[in-house]
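Taken verbatim from TrEMBL:
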{"type": "TRANSMEM", "residues": "30-57", "note": "transmembrane segment"}
{"type": "DOMAIN", "residues": "46-292", "note": "domain 'G-protein coupled receptors family 1 profile'"}
{"type": "TRANSMEM", "residues": "64-87", "note": "transmembrane segment"}
{"type": "TRANSMEM", "residues": "107-124", "note": "transmembrane segment"}
{"type": "TRANSMEM", "residues": "144-166", "note": "transmembrane segment"}
{"type": "TRANSMEM", "residues": "186-212", "note": "transmembrane segment"}
{"type": "TRANSMEM", "residues": "233-256", "note": "transmembrane segment"}
{"type": "TRANSMEM", "residues": "276-294", "note": "transmembrane segment"}
Amino acid sequence: MKQCFYNETVGFFYNNSRKELTTYWRTKDVLVVALGLTVSVIVLLTNLLVITAIIINRRFHYPIYYLLGNLAAADLFAGIAYMFLMFHTGPRTAELSLKTWFIRQSLLDTSLTASVVNLLAIAVERHQTVFTMQLHSKMSNQRVMILIFCIWVTALLLGLIPSYGWHCLCALEKCSSMAPLYSRSYLTFWAISNLVIFLIMVVVYTHIFIYVKRKMTRMSKHTSFHPRYKETMISLVKTVTIILSAFVICWTPGQVVLLLDGLGCKSCNVLAVEKYVLLLAEINSLINAIVYSYRDSEMRSTFRRILCFVCYRNSKYTPTVVKLNTTDRRTLSQNGHFTVDSSI
């Protein structure tokens, strides 16, 4: 019969995994917490700005912007989860109960999973609109809400599974080094799942990149080639490149480290880089807000309206500008030219 250790302390499991548990604040701990809290605050503010912009501007009430809003919500949640971690790390870790430790980890896993799955949903939506030459997806609001619901259910399941059984409290030999209460098999599963999602995203965006480049080459040979179309295409190519680069830089190191730990690599010093790869993954939540929102001119205008509310409280968007933009988009569509949002 297996012996379980539900009544043991967090320190017991850290000693079992040979993970250092400090009793005082070191310079390194202070720097990590200070940097982590700074990043968390910025993540919270930027993503709150995105959500507010999508809510107040009716021109953002389309499926892609609902997904962007959900991505911002996931990243906002990631900022809260990381901030919670910063207040419960270093010497404070030893004071945590097993329940609080699992809550700390589950918040991180749920938020980061929601962010990644949402990025995949946006990639698939953009692929559909690009190849059907549409400005916005024809997906109904109801289907978008169902998709968003599924994203959060998936994230919650992956985040809460360890707390409800997929841990090592009854099998100490299977405990992870990075997360001493988690089973190594769970870390392997989580890392592989995210790497598979990452691979799908790379394939989807690479397909979009190749298609857009070929389309630009063919269209540039025609004298009737609309300059606005070329500008949109170039913007899309740039955005795709930024998305892939940011995702690779921020996520790959963390997933590789998790996978090595999950596979029980003895010669890999995963603990030396643990905090830094997690911070790097958190920074992606900030980059998402910049890449997916700031590159959209309409979104930037809405940001200015929110940030300068006192100055602009008596002003509104002029009907003329809206009509011009709407007419421009309609003209491009009727002429057979494909347009997409510059942010995506």
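Any Cβ shown, glycine's included, is placed from N, Cα and C.
Just so you know, TrEMBL annotations never went through curation; they're auto-generated.
Recorded stretches compared: 30-57, 64-87, 144-166; the one with the most Cβ pairs under 8 Å to the transmembrane segment (276-294) is 30-57. Residues of the same chain lying 6 or more positions beyond the ends of the transmembrane segment (30-57) and with a Cβ under 8 Å from any Cβ of it are 65-66, 68-69, 72-73, 75-76, 78-80, 82-83, 85-86, 89-90, 275, 279, 282-283, 285-286, 288-290, 292-293, 298-299, 302-303, 305-307.
Tertiary neighbourhood of the transmembrane segment (107-124): same-chain residues 64, 67-68, 70-71, 74-75, 77-78, 80-82, 84-85, 147, 151-152, 154-156, 158-160, 162, 190, 194, 197-198, 200-201, 204-205, 247, 251, 278, 281, 284-285, 288, 292, 344, selected by CB-CB distance under 8 Å and a gap of 6+ residues from either end. Proximity of distant same-chain residues to the transmembrane segment (64-87), defined by a Cβ-Cβ separation under 8 Å and at least 6 residues beyond the stretch ends, is recorded for 33, 36-37, 39-41, 43-44, 47-48, 50-51, 54-55, 104, 107-108, 110-112, 114-115, 118-119, 121-122, 125-126, 129, 136-137, 141, 144-145, 147-148, 151, 155, 278, 282, 285-286, 288-289, 292-293, 341, 343-344.
Taken together, the residues of the domain 'G-protein coupled receptors family 1 profile' (46-292) have an average pLDDT of 85. Within the chain carrying the transmembrane segment (186-212), a Cβ under 8 angstroms from the stretch's Cβ atoms is held by residues 109, 113, 116-117, 119-120, 123-124, 126-127, 130-131, 158, 161-162, 166-167, 176, 178-179, 233, 236-237, 240-241, 243-244, 247, 251-252, 255-256, 258-259, 261-263, all 6 or more beyond its ends.
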